[in-house]
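J.: Shown below is the structure under consideration.
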């Protein structure tokens, strides 16, 4: 053994060939600060070996290196800029030493090689991969850019266009694509990986492969003519501006850095990468996006722990076909859980099966599946007008019309047709679960399972615990949701549960703005372009359905009369009374026509202004800041109340529910991350300016208390002391 660290070791493999093996405690390898330092120590040893002829890098895990240790990021990003720059310089000196070894080097790459893992293998001369490879640089999705030489080596290895596509989009690619673009030199079966890598290394040692020529382009300026460079970088900047926009500075910073470094050799180019990385790491966007990643890991780990003692349902059923029922049935079948889909009409069953078939055909058109797979999946959805097959189902989700009487009747009837241990769930969006459970003989086997539309795209499922719901029931439903590829978040019962409960105060803020003379078009523009929502409130209401919102508004007002009962006729009432239900009938705040792809496209409709004039004061202008404050304060206050009342268990789960269920702008990180970024005291000052608008603007007691003590909702991290840094070790 030449060297043994906590996460890697170095040993002789055969005459003159050394093997550096990543083998961290636990299930995966991460390129954390300690591992970078350990890699440096291993290189200290290697550089002293006079008889060294070649080096092989490999992993003992199912994945090579999954990336940097993102749990370190928040504390690392608090390190002063100069010290962070010094540590990056140290880390890059390690990878440069790996690249500059006076012998050929090869990485045997299996599974994931992402972020720092990808940057590590870029420093070797050759890369041999297994068919399960996923390799790429996802840093821009975290609000940063590659910092270990990825923005320097990848363009010089692949060419500017392919590298820009991967780096700017934060993409990873599979083995076939990686081979096609030159990111790996070969693909072999997993059992042949080590021997195959050794064979390539021996060829390089023997002179059959020119490893020095292979290495040289990574050390030199990018080989692009002026015209080629202008075209590549102009197109890349245009694409990034269109897709990422101003709220996500990392992609455009990465492109501009690669452009500026194109005429430079490795050392000078790495200096530019360092100078670009450090300011990005100190942005609110980076902290928010890293926070989302960590929150997602937390939510998934919680679901895994919750379901460790239950068996994932093997057969499921959906009550109510239609678009929603068909979407749920498709998702279950697609992920390998056969499903019975029941309705009372052939027409609805046809609609549900058509929806499932449409989604499968899209997969076929994109080349994701073949005809055999399509037929196999669709055959696991059994449409029925009766309860045939319900004796074998483990879980049933009801997705009928949003009417408590209808839902109660359907649930009670179904309970009599299933096994005593079968779990029942309701896809209600607003009706309290304990109310629906009142008609059941086994309320402990019942909970809420709130999917979001469209089911196949929206990652969130709210799992709602009723008054009598058992832990086992929750665990089974969480297991099914996870199997369906969804992110389940458990919430406690109340009108609207969590997501809709906090959405309707936001809509109420919108209604009050319109009542006071705001133009809905400007409100939409500000909330989309300035705050970053994917849709403004008027557009969102049209998509949800004005009739649906009108009904839900009444349910929420009955549940929370003190805050959500309004004493005026609002824009939603006016549009509802005029039969303008949004996209579903082509008329809402906007008029809708189908585009060439058959999708609804919004257009101006002057008729809506006269309708809104009856429920609004004369038009007046509001500043962007005032619009954002009046829209967001009611939502944030309600989010905080849900935490204080135990409806949602943690800030992390609340923020993920908002991002995954409502499209809360990821660069803000969710309501609690946004609150922490503003500061509780500053938020309180802002909210107090609008208290005259009513109870929705009154800040909850717990938040007032935090403001007094200047406390945050997320645990505050201390600046890191990176291992191996020049002046901070």
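Glycine too: its Cβ is placed from the backbone N, Cα and C atoms.
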J.: Of 195, 208, 210, 296, which one shares the substrate site with 500, 660 in Swiss-Prot?
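T.: Among 195, 208, 210, 296, only 296 appears alongside 500, 660 as substrate-binding in Swiss-Prot.
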J.: Return the residue out of 309, 343, 391, 471 that Swiss-Prot annotates for the same NAD(+) site as 324, 400, 401, 402, 407, 429, 453.
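T.: NAD(+) site check in Swiss-Prot: besides 324, 400, 401, 402, 407, 429, 453, the record includes 343 out of 309, 343, 391, 471.
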J.: Cβ distance under 8 Å to residue 296 (substrate binding site), same chain, sequence separation 6 or more: which residues?
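T.: Once residues fewer than 6 apart are set aside, residue 296 (substrate binding site) is near 487, 656.
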J.: Determine the minimum-neighbour residue: among 324, 400, 401, listed as binding-site residues, which Cβ has the fewest other Cβ atoms within 10 angstroms?
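T.: Fewest other Cβ atoms within 10 Å, among the binding-site residues 324, 400, 401, is found for 401.
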J.: Hey, what's the widest CA-to-CA gap across 296, 500, 660, the substrate contacts in the record, in Å?
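T.: Between the most distant Cα atoms of the substrate site, 21 Å.
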J.: List which of the binding-site residues 407, 429, 453 have their Cα within 10 Å of the Cα of residue 500 (substrate binding site), in sequence order.
T.: 429
J.: Tell me the Cα distance separating residue 402 (NAD(+) binding site) from residue 450 (active site, for 3-hydroxyacyl-CoA dehydrogenase activity), rounded to the nearest angstrom.
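T.: Between the alpha carbons of residue 450 (active site, for 3-hydroxyacyl-CoA dehydrogenase activity) and residue 402 (NAD(+) binding site) there are 12 Å.
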J.: CB neighbours of residue 402 (NAD(+) binding site) within 10 A?
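T.: Residue 402 (NAD(+) binding site) is surrounded by 16 other Cβ atoms within 10 Å.
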J.: Across all the protein chains here, work out how many other Cβ atoms are within 10 Å of the Cβ of residue 407 (NAD(+) binding site).
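T.: By my count, 23.
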